[in-house]
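First comes the structure, then the notes that go with it.
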Amino acid sequence: MKKQICFALACLVVVGFAVLPTLQAQMPPSNITYEAPEIMPRLGPSHFSHDSHYAHDCMTCHHMWDGFSEIKSCSAEGCHDQRGTMKMEGSTIYYAFHKKSSQASCLGCHMQLKKAGEPTGPIGCTTCHEKQD
């Protein structure tokens with residue numbers, strides 16, 4: 001009986017050591033600062049808090065994520081990697097954050113929450129971006 005308990009505990013320890021790094025790798029940074037593009041000199045950086053978004057499914061924003069691999073930055077190659085433009089095209093970083101009709105964008109999700117009468121995050125330029133002098 002003692003051998004079985006020891007074996008079971010040893011198995012749990014091995015599984016724990018195998019799973020723990022995976023869980024830690026998936027933990028996102030608590031806060032992220034996004035610098036405004038150079039074409040918007042009067043707007044400063046915006047700040048994003050993962051802590052206030054944990055109630056949402058990661059796939060809402062990270063819509064191309066497979067659920068297993070490491071999540072890449074929104075502006076990673078092959079995603080929203082076009083910077084320096086305010087065009088509403090799928091590959092621009094501006095589009096990723098500002099498309100009003102998409103729940104995958106910050107502004108779109110916040111607008112949908114406002115329309116539903118629920119608490120929302122910032123929906124105006126200077127409520128999200130720090131104003132620059």
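Glycine is treated like the rest: Cβ placed from N, Cα and C.
These figures come from a predicted structure and were not determined experimentally.
The signal peptide annotation in TrEMBL covers 1-25.
The domain 'Class III cytochrome C' annotation in TrEMBL covers 40-129.
According to TrEMBL, the heme c 1 binding site annotation covers His50, His53, Cys58, Cys61, His62, His63, Cys74, Cys79, Cys106, Cys109, His110, Cys125, Cys128, His129. Annotation note: His110 (heme c 1 binding site) sits in a helical segment as assigned by DSSP. Sequence-distant contacts of His110 (heme c 1 binding site), defined as residues of its own chain at least six apart whose C-beta falls under 8 angstroms from its C-beta, comprise Thr120, Gly121, Pro122, Ile123.
Within 10 Å of the C-beta atom of His80 (heme c 2 binding site) sit 20 other C-beta atoms, taking all shown protein chains into account. The DSSP secondary structure for His80 (heme c 2 binding site) is coil. Taken from TrEMBL, the feature heme c 2 binding site covers His80.
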Distance from His80 (heme c 2 binding site) back to Cys106 (heme c 1 binding site), taken between C-alpha atoms, in Å: 14
Among Cys58, Cys74, Cys106, Cys128, the one of these binding-site residues whose Cβ has the fewest neighbouring Cβ atoms within 10 Å: Cys58
